[in-house]
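Following: one structure in C-alpha cells, then a few remarks.
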Amino acid sequence: MEHREDGPLQLQETAAGDRGKCCVASPCEWLGRLSRELHWSFVLAVVAVYGACQGVGNAIGGVAAGYYWKDVQRVQPSAAQFYQGVTDAPWIVKPIWGLLTDVVPVVGFRRRPYFVLAGVIGVSSMLMLSLNHELGIMPALLMLMAQSAGAAIADVTVDALVVQNSITHPPLAADMQSLCGFSSSVGALLGFSLSGLLVHSMGSQGALGLLSIPSALVLLAGILLKENRGTEFDYMQVHKKFYKALQSMGRTLKCPEVWRPCVYIFVSLNLSLDIQGGMFYWYTDPVVGPGFSEGYIGLIYSIGSVGSLIGVLLYQSTLKDYPFRSMLLWGQVLSSLAGMLDLVLVTRLNLKIGMPDYFFAVSDNAVSQMVGRLQWLPLLVLCSKLCPPGTEGTFYALLMSLQNAGLLMSFWWGGLLLHMLNVTRMEFSNLWIVVLIRNISRLVPLMLLFLVPDCDQNSTLLPAEMLHGNESTETMKKGSNEFSVLVGDNSGCISPGVAVDSEQIKNFDAETDDVELIPLVNKSGLTVS
C-alpha cells in the first residue's frame, strides 16, 4: 500500500464511509482489511490469544476444571467457586505485566518476548498438572494459577497492541474489539463442542493437559509477530521508568473522565454475582437436577457460544455506534431478565409448560451468552478510549485489572451466598433463592450509570491535556518518527468525524526510544481484558 502523508485522516474518512459495512456480510474482506491496515501478524496474535488461548482454552479448561474439582478433588460448590477465584488471581495484577511490556524491553522487543514467556509458562504448567495424578489441592491450585498467569501475560501483551493500534488507527478501534470478541466466541464454540467428549474420553486431567496446545500457539505468535527492534536499553534506568509510569497512573486516576467510568465498571461487575459453581453441580446432579452428562454439558456451553458469537455480530453490524450509556443501560436490564431463565429452570417450571430440561438449558445459556457479550464489548471499547499514548499496555492492563477484580469479587460473593444458603453437593433446595438474588443485584449498578459518558463509541473521551500537553489527539504514524496532532475543542467527547482545519494540524519530531514514556501534563488515561 502506497504511503500517504494524510494516511490517518484518509483512513478515518474511509472507515466512516464504511461504517455501515459489517463483518457479517463479508468476513474475509473484513479480516483482509484489518490484515492490510494492521499487518497479518497482529491478526494472528489476536486469534492465538483470544481465539485459541481464551476461547478454546477457557472453554475446555472451564468444563474440565469443573469436573476436576467435583470428581477428583471432591470439594463443595462454594469451595470450588472460591478456588476458581484464586485461580484467576494473576489477572488482578495485570498492571505489573503491563508495566513490564511498556518499560522493560527484552533484546530490543517490547511485545514478542512476553508472548514467548506466556506460552512457555502455559505449556509447562498444564503438562505438569496432567501427568501427575496424585496432586493435592494446593499443588493443583498452583499449577492452574501458573496457567492463568501465562494467559494473563499474553492477554496484556495483545491488549497493548490493540490499544496501540487504536491510537494509530482510531476508526478501527471498534473493529479490533469485534475481532477479539469474534475470535473468542468462535474459539469458545469449538472448545465447548469438544470439551464434553474430551473429558469423557480422557478424564478431566487429560483434558486440562491439552491446554498446552493453545499456549504453544501463543508462543508461535510471539515468534512471528512483526515488531520493530528498539535501540539499546539501559536496564539500570528501569526503576526510574517504573516510577514515571506510576506517577502517570496516579495523575490518570485523578481525572474525572477516567475514575467515573472506572467506578461504574467495578461496581457493575462486582454486583453481577457469579453462581456458576452451584449451577454446574445442579446441572450434573442425577437426583435433584437434570443429571446432564459430560457430553451434554459441552453441548450446552457450545451452543451458548453461538449466542456469544451472535452477540458479537449484532454489536458489529448495528450497535457499535450507539452511545455508551444506552448500551450499558440495556445490557444490565437484559442481563437481569436473561437470568430469570435460570430461575425457571431451577424451579422446574419449564417441565410444567412441557419444555424439556435439555432444550431449555441450551436456550437459557445461548441467550445469557449473547447478552453477556453485548454487555462486555462496549466496556472494552470504553476502556480502550481511556488510554493515553506511550504506556498503552500499563493503562489498559490497569483497567482490565479493575474489571477482573470486580469479576473475582463476584465469584467470591456468589460462593459466599451459596454457602450461606446451604447449597452443597447434594442439597439444592435454596438454589432458586440464590438465582433470584443474583438477578436483582444486576439492576443495582443502574443507579451509577450517570458516571458513564453519554457519548457515542467513536468519540474521543480523554481531555486534550491528558493526551499530550495542550494538544487533543495524537496519532503515531507507522514507520515514521513524527506524530500527527489534531487539535480539537475542549469538549470531553470529541467526535472523530469532525472536520479539522489545516492550521489545526501540527507536526513535531519525536524521539525514537520506544520505551520512553510520554509525559502527561495534569491528567492521564486508563483502559481495561
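Any Cβ shown, glycine's included, is placed from N, Cα and C.
Bear in mind that TrEMBL entries carry predicted annotations, made automatically and left uncurated.
Since we're looking at a predicted model, the values are computed, not measured.
Here is what TrEMBL says about this protein:
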TRANSMEM  42-69  transmembrane segment
TRANSMEM  114-131  transmembrane segment
TRANSMEM  206-225  transmembrane segment
TRANSMEM  261-283  transmembrane segment
TRANSMEM  295-315  transmembrane segment
TRANSMEM  327-346  transmembrane segment
TRANSMEM  395-418  transmembrane segment
TRANSMEM  430-452  transmembrane segment
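Of the candidate ranges 42-69, 114-131, 261-283, 327-346, 261-283 contributes the most Cβ pairs within a distance under 8 Å of the transmembrane segment (395-418).
Packing against the transmembrane segment (261-283) from elsewhere in the chain are residues 66, 70, 77-78, 80-81, 84, 253, 289-290, 292, 297, 300, 328, 332, 335, 342, 346, 361, 379, 382-383, 386, 399, 402-403, 405-407, 409-411, 413-415, 417-418, 423, 425, 428, 431, 434-435, 437-438, 441-442, 444-445, 448-449, 451-453, 526, 528: each is 6 or more residues past its ends and has a CB under 8 Å from a CB in it.
Residues 31, 34-35, 75, 79-80, 83-84, 87, 115, 122, 140, 144, 147, 151, 154-155, 157-158, 161-162, 165, 176, 179-181, 183-192, 194-196, 198-199, 204-205, 207-208, 210-211, 213-215, 217-218, 220-222, 224-226, 277, 280, 294, 297-298, 301-302, 305 of the same chain lie 6+ residues outside the transmembrane segment (42-69) yet bring a C-beta within less than 8 angstroms of a C-beta in it. For the transmembrane segment (206-225), the residues of the chain that approach it from at least six positions outside its boundaries are 41-42, 44-45, 48-49, 52-53, 56-57, 60-61, 63-65, 68, 111-116, 118-123, 126-127, 129-131, 147, 150-151, 154, 195, 198-199, judged by C-beta separation under 8 angstroms.
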